[in-house]
Amino acid sequence: MNNSTPTGVYANGNDNKKFKGDRPPCSPSRVLHLRKIPSDVTEAEVISLGLPFGKVTNLLMLKGKSQAFLEMASEEAAVTMVNYYTPVTPHLRSQPVFIQYSNHRELKTDNLPNQARAQAALQAVSAVQSGNLALPGAPPNEGTVLPGQSPVLRIIIENLFYPVTLEVLHQIFSKFGAVLKIITFTKNNQFQALLQYADPVNAHYAKMALDGQNIYNACCTLRIDFSKLTSLNVKYNNDKSRDFTRLDLPTGDGQPSLEPPMAAAFGAPGIISSPYAGAAGFAPAIGFHQATGLSVPAVPGALGPLTITSSAVTGRMAVPGAGGMPGNSVLLVTNLNPDLITPHGLFILFGVYGDVHRVKIMFNKKENALVQMADASQAQLAMNHLSGQRLYGKVLRATLSKHQAVQLPREGQEDQGLTKDFSNSPLHRFKKPGSKNFQNIFPPSATLHLSNIPPSVTVDDLKNLFTEAGCSVKAFKFFQKDRKMALIQLGSVEEAIQALIELHNHDLGENHHLRVSFSKSTI
């Protein structure tokens, strides 16, 4: 271990080894190890990466090594943060930063030199979070939280040209702190919501940053006030109301039954459940780097930018039937495992996020492939969800291709079956306008949703099917109301991706073919 490392910080030397990229991931810890940090970054900027997920309790900057350690108040907050930033690499000063669990369970920095600035930054942030500090740069009377101010916001959405769901609101408002409860309703012909934060200071920031902003370009304007209510009473978890602290609530009568939302997925800002919330020509104004429209202004003061930079916000999708958005529908997929990947495998995997028309594995470089989707919005959605996922031991990368279409080989041209046309496949999930599949698009997860199960197939039959495909089955349950559906939890996201490729459309007998998709729930 070299001498510039402060003693007593590392539980063992692993954090300080050169990163080869294949280092086994540590088990979760509330201490996170950050790499590739730009040398001019301030303590407050590093702290700002953790703030949306919970309280940051300690920080150690190793500027000479471009590394830092960030300690969160709880392991749960750290897990949510790592899960959020795994598909969406965070940036500081436009540089990508890499985050993983540290080997330490806590940071002990009391006796280390040069910690004064980090401690001052942490104190400033916690003072702002507890409302004891006026925010520098805020207008008078706007930077302070008034005593007795409610943590509940009343939100009215004007110019509602396109539906705004509970999940979209959760996505946007989670950037300013933990959202505990949301109730949506229509009053005076206006779509309204009540949204409760854990702390009035979060409500204060959200109102300052979001009031008057458009969710989508030129429509869906947020009008935000503090509610007279200080707490919300949510009886049902469904698409109209949700209590994120009580996943056990019933869905209520007459409501479509929702799978109980996975705490991590909903707790992590940046996972929207209705990717078709946007509309043709209406990219979300809040949500993308270089997105057209307004981006959320930074929270003023010491907190650094908390703008929504997630590529997991998939609201860019065209509304089904509204015609595709202009742009490229062909993806270049790289870093595939040439020994195991097939055109059919890519068709099934990318088909979770849109209808795949053609696939071409490169004849001369079989770790690369082109995947042609039905339209540009589906290509964008597939790229957002699949790039960075592990498949057959390699991290898949997807980008927009410069090709506008995948060419089929000419008659007699040698191709080894590497180019396939799937445009007339019966397996397309999104052919029918308004299909339920549009509402059930989720990021890859270790839990799979199974449907179309015939009555004679048992728990053991399904467990064995997945075990024989090389998966370790961690949990399984049939839906109580409908035994044609089940959830199965596998050992890892990578296992689930491979199982989906192998077993989607598997013939279970009795003329039933298994349907497999990613679930937002855990068991």
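In case you wondered, yes, glycine gets a Cβ from its N, Cα and C as well.
In TrEMBL, the region 'Disordered' annotation falls on 406-426 of the listed ranges 238-258, 406-426. Comparison of 30-114, 329-403, 446-521 by number of C-beta pairs under 8 angstroms to the domain 'RRM' (153-229) places 30-114 first. In terms of DSSP helix, strand and coil, the domain 'RRM' (153-229) has 22 helix, 34 strand, 21 coil. Residue counts for the domain 'RRM' (30-114) under DSSP, split into helix (H, G, I), strand (E, B) and coil, are 25 helix, 26 strand, 34 coil.
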